[in-house]
Every structure is written in C-alpha cells, then in structure tokens.
Amino acid sequence: MMVQLATFTLGDHLYGIEVSRVQEVLRHQSRTRIPLAPNAVAGLVNLRGQVLTAIDLRSRLGLTPREDLDPMMVVVRISGETISLLVDSIGDVVTVDEETFEAPPDTLDDAGRELLRGAYKLSDRLLLALDTDRAVAA
Amino acid sequence: MDETDEIVQEFVVESHENLDQLDRDFVELERQPGSRELLSSVFRTIHTIKGTSGFLAFGRLESLTHVGENLLARLRDGKMSMTPAIADGMLAMVDGVRELLAAIETDGTEGSVDVTDVVARLQDLLDGREPVAEPVAEPVAEPVAEAPAPPAPVVVPEPAAASVPAPTPAPAPAPAPAPATPAVPKVAAAVTATEDHHADGPGRRGAADSSIRVDVDLLDSLMRQVGELVLSRNQIVRQAGLLDDADLLRASQRLGLIASELQESVMKTRMQPIDHLWAKLPRVVRDLGSLCHKQVRLEMVGRETEVDRTLLEAVKDPLTHLVRNAVDHGLETPEVRRAAGKSPEGVLTLKAFHAGGQVVVEVSDDGAGIDPEKIRAKAADKGLMRPEQLEALSPNEVLQLVFTPGFSTAAAVTNVSGRGVGMDVVKTNIEAIGGAIEIESAVGVGTTCRLRIPLTLAIVASLTVECAGDRYAIPQVSLQELVTLDSERAGSQIEDVAGAEVYRLRGQLLPLVRLADVLKVESDRTDGHLVIAVLQAEGHRFGLVVDRVLNAEEIVVKPLSSRLKSIGVYSGATILGDGRVALILDVQALAKRALRSTGAERDAVRAEVVETSDDSERVLIVGAGDEREIAIPLSAVTRLEQVPVDRVERVGSREVVQYRGAILPLLRLPQHLGSYGDSARTHLPLVVHTSGGRSVALVVDEVRDIVDGARVRSDINDAGLTGSAVIRDKVVELLDVRAAILAADPYFFTDDQLGHLGADLYLDGVAS
C-alpha cells in the first residue's frame, strides 16, 4: 500500500501528514495573539475573510521556539474546522510504502511521541507521520 | 374588526407552529420521559397559547390550556410523574387545541367545539383521579358531529371513534389507545372543514397561504455576504489609496459607493418599523386591563423606529411579556392609585429610538414600582441566596434578581403571569440576540424596563481598543461611557480599597479591572494616563482599563472555536479594516471573571467590603485530610455551603445531593487526593463550582481561610495538584481544579463545550 504525505520540517526532523487533510499551504501571515490561550495556540489569522486558529507545531511537539524565522502555514481541515499549522518549511508531497512504516523512534521525547503515529524509513532519512487529530487538540 | 382579524390570524399561524413544536416535544418525551427540559418547553408553548387565547377571549381554548398548563407545571416541578394516562390526557389536550384552532381559523370563533370533557379529564388527572374511560371517547367524537360547517366528512370517522371504547369500559390501562384513535378522524375532519371553506369562500385563505415566510437563513446569508463585501471594499479602498493609480482609485471609489448602497438596501429589506410589533399591543393592554380591573392608557413613542425583521421576531415575546407584566404587576388598581394621590388611570409608555447604533425599546409604567425589600424576602424565601448575601446587595443589584430563573414576585398564580417563566426567559432571549436588558424602578413612581438590541445581527457596532499592542473590540451594547484621566488625576483619583482599585465616578465607586491584568499581558502605557471604558453587564457596572481607545467601528462577528471560547474572555473574532484579526471581548464573561459574583457596584458607605477584583491571585484554603492544606483559586469557587450528611444520596457509584432543584455531584477532596478525610461529621462543608449551568461540589474537611495568593511557588507536585506554594509560612498544595471537577462530573466540560458549540452554530448562522 502506497500513501501520499505532504511533508514539512520542524527543526531537524521531516514530518508528514496525509495529503487529503491539507487544504493549502501558505506563507506566513500576520497573526493576532490570544492572551490566556494554551501555549500551542499561536494566534488567529485571516484567511480570505475566514478566521483560523493557528497552532504552532513546535510548541505542540515540545521543541524549542523558532528563532528569527518566519513560519509557513499548513492549512488543514479537521472535523469541520479549518486550522492553520505553523511549521518551519514546506517539503514535497512524497509517496511512501506502508511496508517501511515503524513505530515512533525512542529518540523522541514524550510530548513528541504522543503526537506521532510512527515513522516511514525513507532512503536517506526518517519521515515522521503526524497524528493530525491529536496535534490540533491543543 | 379588521385589526382583530389580523391578530386572530397571526395567533392561528403562530399557534400552528407551536403545535408542530408540541408534537415534536411529545414524540421526544416518549423517548425521554420526565425530561424537565422537554416538559418546560411544552409548558411554555401551552402557556403562550393560553396567554393569547385569554386576550382574544377564546374562553374554551383558554380553559383547556389553563388546566393543561397546571398539569404540566406539576410535571415540570416534579410534583407528579408522567404516566400513560397523563400522556394520553396531554395528547387529548393537544388535539382539543388543534380542533379549536381549526374552528377559529374558519370563522374566527370557537364554533361549537366542546372541550369540557377533556378539561374534566385533565382536572381529574390533576386531582389524582384516574380518568374514566367512557367520557374519553365521547367529547372528541361529538364536537365533530356538531360542527356546523362540514357535516358530510364526519360520517366516516364517527363510527370508528365510537366503536373503540365501547368494548373496553373501565380498566386502567384501557384509556391509553382510546383517545389516540378518535384523534385521527377528528383532525381529518378539521382539515376537511378548512378545505370546504376554501371551496365556497374565495376571500378566506388558510393560515398557511396568507403569509409567506422567507427563510431567515437566506436573509442572513445575504446580509453576511454584504458584510464581507463591505470589509473587502474597505481593504481595497485602503490599498488603492496607497498606490498611485488614478483609474484604480476611481474604480475603487465606485466600488465603495456601490457596496455602501447595496449594504443599505439589503439592510432595508430586513427593516420594519417597530409599529408592526406594537400594533397588537393596545388590544392586549385593554383586555388585560379590564381583566385585572385596571384603567390603563397606552402611549407609544417612536412607532416608526425601524428594526431588523429577525430582531423584531426575536423581541416580540419578550416585549409582550414585559407589557403584560407592567399591567398585571406594575400598575395599581384605580382605588389604590387614588389613595396614593395619582390619577386613577395608569400610563404605560412604550418608547423606541435609535441610539448609538442600537435600538432602545423602553416599557415604562407609572405604577407602584418594585420594592427591593419584597424581592429580598422572596429571594430568601426561594433560597436563591443566603440572607447575609442578600443584605450586602445594593438596591439596584437586588432588582436584577428578577432575572433569576424561577423567580416571580406575583403573590398568587394569576391567569396572566406569575409562574416564574418570566423575566429570566426575557433576559435569555434578549441576550441571545446580542442585546441587553436593564430594569429601573422607584417605589411609588414606576418601573422601566429597557431593552437594547443591535440594529442587525450580522453587523455589530463596537468600540476598538488597544491593550499591550493588540486590538480588541467591545460591543457598544455594553458600553456606557469613556473616561480618560491624565497621570495627575489618575494618581489622585484612583483609590485603593482593600487591594482593589476604584474610581469615584460622579460619587459612585466604580471598580476598575485592568484588561492587561485579566489577559496577563504587559500594558504598554507608561505615561500614567488611564483610559477607562465604563461597561455594564450582569447588572454590574465596572471600568475596564485599556491602553488606548482607537475608534468606533461596525464589525462582522466571526465565530471562535469552542476551545478558545472556553477561555471565557472572548465571544468571537472579527476582521478589521486593515485585514488583521481582532478578538471581541465577552463583556458578560469578563464581568463574571474579573468581579466577584455579587457586589461589584457599591456605594461609598460600604466601600470597605469591596474586595480585590483580582480573584486569580486569591485562594481559598481548605483542609483535606491528613493535616493537608489545599488551595483553590477563588475564581473557581462559586459558593460555600454546608449540607447534613444524611442528605447525601447515591447515583451509581457517585455521591450526590439535591441542591436548588438540581442534582449536585459530590467529590470528596481528601479521597481524590489520596488521603483520608474526617468521616465523623454531621455536616459536610462544600465548595461549589458552577459554570455553564452545571455545578459540582467538592467536599472538604474544613474551610479555613481566604488569603492572597502565594509569593513562592514550586513545581513539587502530586496527582490532582498543579504545584505547591508557601502561604502564611506553610506549604499549601494547589488544587488542579479542572481535574477535580472532571472527577466529580466527567461531562462537566463536555456539556460546556456543547454549549459553546451551540453558540458557534448560532454564530455560524448569522455571521460566519
């Protein structure tokens, strides 16, 4: 079984989410911060008149905050709600074989492991498959 | 006569809708017998029909619904429980109502429909007697036979109706099928009756044909799209101004013009003078006045004031209710008025006008006014608050208690009002459309209820403010005034009362809430100037300190995800002219969050008891077994209570107590935190937390103290805690309130979120 994943990077890792979940990929836009909101909620963005909640995956995965780097936005639709995920950079859409799938590597910390379904072993590196539903349930 | 006809027609249309609702409710009720919510809904529907039928002098309809309503009231209050016999009685009542309405629709009278037997049967049920099977079938079949208009179609259903009950005379379960069977032919007959009239009287149409109802959603979506267009226009005009292109500029100006005109026209299609709503009130007032033996003169000011059609619909019932209240409870009888030195004729004034992007509708009477002492007594009597809490309230706060569910000051249940389905429903309905209601009263002078409703639902007039560099919108409906103090005056006129900041606004102490503190952000105002938005919500007035006031702006409300809504500070978001998103502050929630639940606005005399408005830093210290001291944020504490141990009951493995007419789940805090509580007690101290209509209670060993929050905190932690802190030189454990609440009621937040979801859907419908 082959699956298609849209890839992006966070720090040194390559992550992927199901292509069918992704509505579009955008450059960073100005966000309105939301005081008192959970840490991972990075603010609200205006997507063509629609107000989206932005979730910073770095914060969600327990990674160090992004430094002087404008994040990219991966807009996903999850149970009727449109959500913008903030990532470092966008990669290609890759087709991977389910055969190469394995449970999350032990090198990840707890916060990260909980949000990952597992990893696909690409020829040169690992592609970590994000559990989209859990990732946005901040 | 025409006027009456119109009222009757409207009544019929409305009642048909109500009956459909009833059918749905009854079907649902079969699935969830005893559901109070459904019973309340049924009760309200019947109550509405009864009320109107009374004014329109449909005596039989009124007597039928009156007895039905009494029965429902008992069911709703849990004094009786649903039995098949009662269910059948209810259905027979609905059928009777339907039949009467059909007669009313055909010729404007109740015709010869006879409901005395159904009434008697309901009365029997009410008195606790089992209904006799015999009369059950009779009344239903009979009126049809006697109905003068269409004799022909009756013949077929009649034998069927009559034959069923005959072989089954008395046994208790037997009545069950009996009323259901005749119901069918009866309705059929009623329908035929109307159709007959269609045939021979071309001038008269059925209720369904005489009015066309446009789908509100369609109008809303039109309005919404125009709103979006206006926002896009703003952005384009702004951008075009930056570029040096004459053609683009011209085109954008033209776009701007068209968009404005379009917006105006779309809004106009939905606007109607409030007179449409008021037209039937003179009759209501006159009939009610004669019923209550009162002389009333109705004055209307501002009939031509235009209101969005959907809002007109939404304020119809609340307004009628307020008018009834004013006549029934507000105005005195001529004798009393003469004795008080007033003209025997009471004056009821309806006033409507536009003010600050809102429509204000006032219902005032020059009656006896509301005596705060009576409300206090009543509230104490009903157990809404403890006497000492009541004593602490200012007269104005006491007045707001009339909006509490289950509160009704009428001494006796009258035909007109006084069942406690009153002001709280009015308030809920008004707030549901983004409006607000205020009540003012002076003993001996009169009472004024003031509704503030937005012009339209989709576009809200708001004030944009800045705090810590971010912009927020405050709905104008809550805004009273703006006060700016320079650093010198801010220094001298902001006083500190027991740790809480107050400003003396025209002699009254106005508690101040700093938005930056509530949001836990750093204010960027360093020059000492103070900008205060004076807001009114939940019957309290408070001053919200912001960094800057930017401008007044019309905004289109966008829904927020339930997760962000549950923060309890924001009611939505909007996109400002420059395309950036701004959060809309939920003033009601802000008031609740930042101020104590009672007593925000106090006069100077009682200034000492004003407590700090920064609840987040104050904690309640309780004992919870093994000499442990647990701190609970005061903001999570709604009330402290004591219940006798023997009132604790069990639902499955959970402990509950009955509390204010609801079931309150208990959580024993010591056990929750893994220690042993003090079991040799006769009374349990409870810490009650209420949110979104749900409550849970934490059982503690002892309530010890309320102190200012910890200076030293640590992450040293255990299950059920968020950390520990040093308070009064002792290590105190900080309770994880959320976890504790979930342990007591796993669905506490789920329902809350469902509630928010509902609100989201609502917003989706009007503004997304």
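The backbone N, Cα and C atoms fix where each Cβ goes, and this holds for glycine too.
In TrEMBL, annotation is done automatically, which means it is predicted and not curated.
As the structure is a computational prediction, the values presented were derived from the model and not from experiment.
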Review point. Of B:108-158, B:159-209, B:312-362, which span is tagged region 'Disordered' by TrEMBL?
Key: B:159-209
Check your understanding: Hey, what's the Cβ neighbour count for B:H47 (phosphohistidine) at 10 Å?
Key -> 20
Point to revise | Mean per-residue pLDDT computed across the domain 'Histidine kinase' (B:210-457) | key: 79
Exercise for review: By DSSP assignment, list the helix, strand and coil residue numbers for the domain 'HPt' (B:1-104), in that order.
Suggested key: 89 helix, 0 strand, 15 coil
